[in-house]
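Trainee: Structure below; questions to follow.
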């Protein structure tokens, strides 16, 4: 019957058009996205040297949000975890930037001198410590807690964002047996592999944000 | 659970745990002696009865302005942990959490508790109790924060004798109060749908009064699921409420099978704001079987009934009416035939063929639609009219039918053959095909009754979904079917005569009008070139019809050739898609500015707290056109839009638009029209048939001055 064939044909045509129209499933959430270019910044470090992310293209960069008075940060420094990571990776040509976003008067605020003193006292080994008292970099990256960790690959794209490991606690004992996401992301990048865990829940103290007008 | 050994020594028997920075190597001590959290263990009964579960609670008293955290702490913080050390045979259940407060910190949001809370836990003793007092002990770990955060811990304990399990009068009120602060289990089913960029929680709480609900928030159990600080958009309609949430930036790619959480609703009850909290322990993602279970026969039946009713009403729609009239005319023409019994049988068969035609096409359309959606296509009911090819094909077909009625050509000896030039015997195929045509033409006329039913059908398992569409089709067929099955009714129809010739000729004009409308729809789907070819195609159809009417071999051959040419015109028409949505962004004379809909623009406007009225429409949706003419474009409504600085946003679904389809879905719809009004962080869904009064009433509903409700002062009174 010609008619049913015609119906069939038009149904098939409709079907084909419909299938072609299947949309791409995008992810339009806020903040920075893993796989997207990391937000640019250019700021003086505690030794007066300008550090700008654009100049670091070609190098793997780690961002570590810090507040030395936060119990969670203390966990990773008292337990020597952060220093070990810093030494291991800066020794392998990775740029490690510790960022302090606490504004004046808030917990964790330090000036350049205090920051350098802290680095010496703690035996820390970042490539540089950046002061962000207006919380601009923190806002650009959507950093919520200390420590909040970001890994940027050699092409300037964000490769990891989130918590430092899988044991959200302030207990030093929990460093043992924790899976360190930063270490594994850096290892995978160094081996030229894709990062397997690209994000995990960040845990720690709330970043002490400067009020936007400040 | 591991902890710092030296703390345990310090605080071993203490109910007060103070963790101060000074204890850690390096710098800056908090003021010591600052009792930030006082932890204690309390029990509801005075004694333990063997085998009978009882309640205990870890009571935390926080220093003023300091808070501890809920199971999902939000953007930062840590949930309080309790680990039990119980005698052998005893077991402890999970923590039953009180409803938390939303605690904003800068632009972040945490969930936690200030003041005093009791974390309830049910303990089940063994069938035989050990002798003497039973020691119950728990290590409690918390993070307490104001701006700074300090972790703390305590070991709390309590000993209860064996006995009859009587309630302890001294702690009774504390437990009553604690239960008051726990959310009630939701009486409504819910489902969670993923959208790009977020989630939509749909709660089937029918009968909610949109006007009374001031605020609704979902607090998920999962920590990174949503952007906690982002506004949640609420919409309410007769089916319940929907909350649209933004996906958290740290949400891991793999979603769990299901999620859970709390829904907080603030209602205005007699001028008083009252918050209620509902617990959802498990919410499945997607078109959830939770809602679609066959157990819910009543809902399915109700939807099917609505669909049936909607189908009957479709007969009156301008798109179907001419088709139906022709069918009835055909019926009349049969009444002159010989043999009463044979005549009736024949009429019955026509009715059945027509019904079958409708049912088969509805099943096919619904099946195709469901299959396409299952494969991920963002399409809705009426999708076939989003294809210019289908629109043009319909126009040609109806034009040919009109020409036949006008007498340009005759098909067979009876009108039953109209629309089916190839019919030979009895015209049953013609009746079937008329049914098909009626079904295809009827789809866009989404009558108000159908919106709920078709929307529901699309969330159901395929069998139920198709069943509902079949009910719709059956409704469409019903009036004619009854006419053919009940001889008394058919006998009332007038006898054939000259009048039929006149009616027949007159009926051609509604068909021409429909063709005109289809071409207008087409003009919004294809470019100017495409439109011209489409209209030239109409001329070719006319020429073919005329040639066909002449009879004879040469005439037939040229008719066939002309039809081929018309098919070519169809093809090239469909290949010239219009520049998208160019026609909708415009300023209406003297009216508010019309913005073309885009999700991004809408989100942007809502982020700036701008009120927005969204009109989802399509050129082929007659209800939409009527609403626009009579209500939305009316001076009063336009003035109200201007007065309230409402942005009027129009989404044109004439052509495929996955973004609009998703918005329709989020509101439980499968087609247009859909009207949404957003203001003050909330939204409301308007009915499908509008009058200026209805629009104004809904604008008022959200714009009514509201007291702001702070969740941090919970006047919690869950109605248990």
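Yeah, the Cβs are placed from backbone N, Cα and C, and that goes for glycine too.
Computed from a predicted structure; not experimentally measured.
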Trainee: Tell me which range among B:270-296, B:432-458, B:594-620, B:621-647 TrEMBL lists as transmembrane segment.
Mentor: B:432-458
Trainee: According to TrEMBL, which stretch among B:214-235, B:236-257, B:390-411 corresponds to the feature transmembrane segment?
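Mentor: Going through B:214-235, B:236-257, B:390-411 one by one, TrEMBL flags B:390-411 as transmembrane segment.
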Trainee: TrEMBL lists transmembrane segment for one of the ranges B:169-188, B:189-208, B:529-548; which is that range?
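Mentor: My reading of TrEMBL: the transmembrane segment range is B:529-548.
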Trainee: Which stretch does TrEMBL mark as transmembrane segment, out of B:119-141, B:142-164, B:464-486?
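Mentor: In TrEMBL, residues B:464-486 carry the label transmembrane segment.
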Trainee: What range among B:506-523, B:650-667, B:668-685 does TrEMBL record as transmembrane segment?
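Mentor: Transmembrane segment, as annotated by TrEMBL, spans B:506-523.
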Trainee: Select the range from B:303-330, B:464-486, B:555-574 that forms the most Cβ-Cβ pairs under 8 Å with the transmembrane segment (B:351-370).
Mentor: B:464-486
Trainee: Taking the transmembrane segment (B:303-330) as the first stretch and the transmembrane segment (B:506-523) as the second, find out whether 3 or more Cβ pairs fall under 8 Å, excluding pairs closer than 6 in sequence.
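Mentor: They do touch: at least three Cβ pairs between the two stretches lie under 8 Å.
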Trainee: Out of B:390-411, B:464-486, B:506-523, B:555-574, which stretch touches the transmembrane segment (B:529-548) the most, going by CB pairs under 8 Å?
Mentor: B:555-574
Trainee: Which residues of the same chain, at least 6 past either end of the transmembrane segment (B:390-411), have a Cβ under 8 Å from a Cβ in it?
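Mentor: For the transmembrane segment (B:390-411), the sequence-distant neighbours (Cβ-Cβ under 8 Å, at least 6 residues beyond its ends) are 326, 384, 417-421, 423, 437, 440-441, 504-505, 507-509, 511-512, 514-515, 518-519, 521-522, 525, 534, 537-538, 541-542, 544-546, 548-549, 566, 570, 573-574, 620.
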Trainee: For the transmembrane segment (B:464-486), what are the same-chain contacts with Cβ under 8 Å, counting residues 6+ beyond its ends?
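Mentor: Non-local partners: 292, 294, 300, 303-305, 307-315, 320, 324, 327-328, 331, 347-348, 350-352, 354-355, 358-359, 361-363, 365-367, 370, 435, 438-439, 442, 450, 453-454, 456-458, 493.
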Trainee: Which residues of the same chain, at least 6 past either end of the transmembrane segment (B:555-574), have a Cβ under 8 Å from a Cβ in it?
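Mentor: Result: 387-389, 392-393, 396, 522, 526, 530-531, 533-534, 536-537, 540-541, 543-545, 547-548.
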Trainee: Could you tell me how many residues in the domain 'Thiol:disulfide interchange protein DsbD N-terminal' (B:47-158) are helical, how many are strand and how many are coil under DSSP?
Mentor: 0 helix, 74 strand, 38 coil
